[in-house]
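Data first, discussion second: the structure below is written as structure tokens.
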Amino acid sequence: MTWNTSNNSKASELENKPNPDSVAKAQSIPSLSGDVLLVEDNKVNQHLFTFNIEKTGAKVDLAENGQEGLQKALSNHYDLILMDIEMPLMDGKEVMSSLVQLGINTPVYALTANNMPSDIAEYSVIGFRGTLSKPVELTILYQILGQHLTNCNDKVHNTAQRDKILVQDPKIRAMFYTDLAKQHSEITEYIQELNYSELIKVIHVINGLAGNFGYDELTDLAAESLRFLRNKQYQQAIQHCSSLNQKVAEVLNEYND
Amino acid sequence: MSITINILLVDDVEYSRELLRGALLTCVHDHKKDLEANFFHSSTGEDITDTIKYNDIDLVYLDIELPHTSGLKVLKEIRETYPNLMVVMVSGESSIGNVTTSIRDGANGFIVKPFNSGRILETVENYLKRLSKQKS
């Protein structure tokens, strides 16, 4: 069974109506676990790949363009990356070269309609592990997933989220809270002074590390504050910085209790 | 045969250094039984080439956001004297500008905070791969 990415109506038909072919093939869908990064700008393909990969039990993280794909590949650890070639901002070949230089060893497959032997040879030279020609054959997709993800009968499950470090060491946690108290006073002071450049510096540190101490909410608030500060949308920035600082105070109060 | 790596952590935030050191130690202990690591640190990135020379550094984790300079400038300084030393950039954000500049100026890796143990392990494995290539 294949899906044709150039025809939206046909693609959604394939997904929504379980035809006899797909029912018959249902038996052959492997049961897998693992994390797949899908780098694809085309909405129909995003949907179809995600739908079919998630049927195996594997998780899909989506990047909508090459730049986002590169950023996600640097931030998380994936078992497999499937990447379109023709994309805005940064194409798949450029992303692949960057991943190679920065030592990302995750297998990456090119998703492309350019399936001339010369194209496939070029992708291989750049560092792609293989090529999945569009329209993609599900049997080949499942074969590749099976090769790189964990079979569910095995006990080891690997997830990108699981790999995130959560600091338990009381000495390091104490350092974090000491710094956080200092950062709280600084944020209060810089909000009063409307010192945006110093706010960026302080909030940047919280944005980077709060997640490793179990405070994802602080990370999210810090990221939003930074976004407004950098876009020079100061009114919203100050509102977000204040919410962040309020949350910081709550975290510190909980710790001191 | 056991291998000892001298690792330099360049970051002004102490708990960030401790966090990375702890994660690297876990990698070393859990995954590579015959590996040992010595840690050195710099809070500012100043006199980086002297620090590398005197401590015989094999692997550098270099934060981009330093108090008085940028890790990207420090990377350039390292490359003038040590073109082949493995340098992994560390940042709170994987902004594309920083990533592309790091690549252009010869960084060998890029990890993002909050730290992910899988990505950190990958950098250690890459160091060992380079080492075995150099030996062969």
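From the backbone N, Cα and C atoms, a Cβ is placed for every residue, glycine too.
Under the heading region 'Disordered', TrEMBL lists A:1-26. What TrEMBL records for A:1-11 is compositional bias 'Polar residues'. Under the heading domain 'Response regulatory', TrEMBL lists A:35-149. Taken from TrEMBL, the feature 4-aspartylphosphate covers A:D84. Annotation source TrEMBL lists domain 'HPt' at A:165-257. According to TrEMBL, the phosphohistidine annotation covers A:H204.
For A:D84 (4-aspartylphosphate), the same-chain residues that are 6 or more apart in sequence and have a Cβ closer than 8 Å to its Cβ are A:V39, A:E40, A:D41, A:N42, A:N45, A:G92, A:A110, A:L111, A:T112.
Proximity of A:H204 (phosphohistidine) to non-local residues of its own chain (separation of 6 or more, Cβ distance below 8 Å) is seen for A:A222, A:L226, given in sequence order. Mean pLDDT of the predicted structure over the domain 'Response regulatory' (A:35-149): 93. Secondary structure of the domain 'Response regulatory' (A:35-149) per DSSP (helix as H, G, I; strand as E, B; remaining residues coil): 53 helix, 25 strand, 37 coil.
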